[in-house]
Amino acid sequence: MSKNKVSASSGRWLKEHFDDKYVLEAQKRGYRSRAIFKIEEIQNKDKLLKSGMTVVDLGAAPGGWSQYAVEQVGDEGQVIACDILPMDSIAGVSFLQGDFREEAVLDALLERIQPDMVDVVMSDMAPNMSGNLAVDQPRAMYLVELALDMCRQVLAPNGSFTVKVFQGEGFDQYLQEVRNMFKVVKIRKPDSSRARSREVYIVATGYKG
């Protein structure tokens with residue numbers, strides 16, 4: 001691809017980003033990313049987060065979901081966040097930087113969570129996209145499998161799970177896997193999710209344990 005094409009594409013993305021009403025509203029309300037409106041819409045419909053809950057936020061940076069979760073769980077609750085990228089501190093959030101695919105990072109994350117179980121696992125993780133669907137989709141599915149495995153390790157009975165998933169190869173099998181583990185499973189496409197994106201959010205409640 002030529003440099004001019006890349007520049008034109010980048011320019012369109014930047015214009016779309018800065019004209020985006022969700023970007024503008026996030027800035028106005030003091031949130032770190034437009035992604036906050038995705039979890040807010042899920043919360044308004046499904047009421048996953050309640051005062052006093054313990055929440056794990058995977059793929060947390062830059063911190064929009066963690067910011068929102070802290071507001072919902074309050075001073076009696078706890079938010080434990082993890083990301084391979086750095087994240088500026090948020091009051092009430094215990095943040096661990098690292099790749100939890102690595103055993104040492106996973107152990108450190110589990111140490112922060114245990115001995116208590118958690119009420120909600122949420123994941124907005126996505127791989128760095130190459131533009132090659134044959135490469136990107138397996139990477140994305142690998143991450144959502146890791147998030148589901150985290151549920152198996154730390155989620156309390158009747159706990160909840162929400163995860164960003166890209167529709168494509170492996171999606172139907174993954175959805176069935178989630179349905180086997182939870183009593184109620186819904187698929188959400190938040191208004192703030194760009195229409196052209198293949199992303200949807202699986203919202204699962206009533207973990208069978």
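Cβ atoms here come from the backbone N, Cα and C positions, even for glycine.
Within D20, D46, D83, D149, the residue that Swiss-Prot lists together with G63, W65, D99, D124 for binding S-adenosyl-L-methionine is D83. Mapped onto three states, the DSSP output places K164 (active site, proton acceptor) in strand. Largest Cα to Cα distance within the recorded S-adenosyl-L-methionine binders G63, W65, D83, D99, D124: about 18 Å as a whole number. In terms of C-alpha distance, the listed binding-site residues G63, W65, D124 place D124 closest to K164 (active site, proton acceptor). Counting other Cβ atoms within 10 Å of each Cβ, the binding-site residues D83, D99, D124 show the lowest value at D99.
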